[in-house]
Amino acid sequence: MQSSTYAVKGNAAFAFQRRTFSSNRSATSTGIRFSDKKSLATTGPLYCSGSKAMGAKLARAENGIQSVMSFSSVKARSVRAQASSGDAEEAIPLRSEGKSSGTVLPFVGVACLGAILFGYHLGVVNGALEYLAKDLGIAENTVLQGWIVSALLAGATVGSFTGGALADKFGRTRTFQLDAIPLAIGAFLCATAQSVQTMIVGRLLAGIGIGISSAIVPLYISEISPTEIRGALGSVNQLFICIGILAALIAGLPLAANPQWWRTMFGVAVIPSVLLAIGMAFSPESPRWLVQQGKVSQAEKAIKTLYGKERVVELVRDLSTSGQGSSEPEAGWFDLFSSRYWKVVSVGAALFLFQQLAGINAVVYYSTSVFRSAGIQSDVAASALVGASNVFGTAVASSLMDKMGRKSLLLTSFGGMALSMLLLSLSFTSKALAAYSGTLAVVGTVLYVLSFSLGAGPVPAILLPEIFASRIRAKAVALSLGMHWISNFVIGLYFLSVVTRFGISSVYLGFAGVCVLAVLYIAGNVVETKGRSLEEIELALTSGV
């Protein structure tokens, strides 16, 4: 998730001696067609994927891991979609309708409590690790410190794979309520831990919780969002992930004066967990899921709440005839690898792999030393600069998501990242530019983070629920996010070894090459979804099958 970010991005690092930075991503996506364009045109800055670099210093890290959220790009309303077996027909133009008497934003806000918790749990260990290590008697044991950090990632991998199945079986809102259980219990165990074992169990449970959140937050938002602002609302997920990470950073400020404050830092996460469970008790279920389950009367009630009674008849008709979900049974895990769905599922997995292999971990990992080479000695200042670039890029991406489209933003993002990586590599090796190496390194870092936040971070999490057919959507999103967490873990495991062997400049060049490959892959395989309802996208993608 994501995401997703993820993207503008998010990240988590583990196994380091004193501090860690984390952040992440998420993902979001599609929505019901709804055409009051005046009130839907803008929603402000909404996505932030991982204000990752929390200014944390990775001393002797065994592995560094980072999550990055995603951002999707698209073209015009009638763009041709590429599906499992080729190009598809043009989408049906959206009709203009009157103003809706329903409302979506409050329920998007409730769902985003999951995104806040996602970012908070990723970032909270950053400032607290040094103090909790002393309190638990493991100040000199970097291996156990690494376990405390990485347990969250392990749990997130499990949670991301189970989130889709839970959402299909129990529904989106009920899954949110179930998700609040490991989130709350995990936070409580961490806050009250008197042993390393209890702390690791608490982190594992919290990880399962954020893994489930990474799958269902973008899924739920995409399924209830009006088409015209689906991209912008999808970006809200990443924005709140960033807010969660920043909140964790701010929460650590009293630590210097009160070393026991780390327990409060973990404990406060119980509050939004409880609010999430309560809020979802009053939130409407996804109309799409209800129609799939044959619960049409409940779907009508949900549509009335979300979009107004004037849209009930039309949207129930669209959902009932949109395709697979209403006429075929729910897909199993093996169906994702069938010839019918494999190409589109592989696109989702590939986007997250490119996101991770493009070097976001390296840039965040070395940001502090890069800024110091330019005379910026404060870790907090370095983190603030990276975070500000993230937030700014996310805000810009949010405003462009439904104008430029997902695919355009992805291409622009990876192109900018490739150039930034090339600049970073030159800043470390070019003798001719030696006098300006520090400045060039800072410029390259900021441009990279800014480029990442424009597309590679947030778009994948937004795009995936849009391109997956309704009968495979939950499981396919979960599988893609699972790949995200796994690749995160593997990259963190071997990253430092690769840097030690080949040097950071060569690694940066390799990342630039990955970004170029990503541009080529996206140009030939990624679908444009801007301005099209989920039903239109699904019909287009399956028409060629």
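Cβ coordinates are placed from backbone N, Cα and C, and glycine is handled just like the others.
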From 177-197, 408-428, the residue range that TrEMBL assigns the feature transmembrane segment: 408-428
Candidate ranges 104-124, 200-221, 261-282, 476-496 - greatest C-beta contact count to the transmembrane segment (233-255) (under 8 angstroms): 104-124
Cβ contacts the transmembrane segment (476-496)/the transmembrane segment (261-282), at least three under 8 Å, sequence gap 6 or more: no
Maximum Cβ pairs under 8 Å to the transmembrane segment (502-523) - stretch from the list 144-166, 408-428, 440-464: 408-428
Range from 144-166, 261-282, 408-428 with the greatest count of C-beta pairs under 8 A to the transmembrane segment (440-464): 408-428
Top partner of the transmembrane segment (144-166) among 104-124, 200-221, 261-282 - counted as Cβ pairs under 8 Å: 200-221
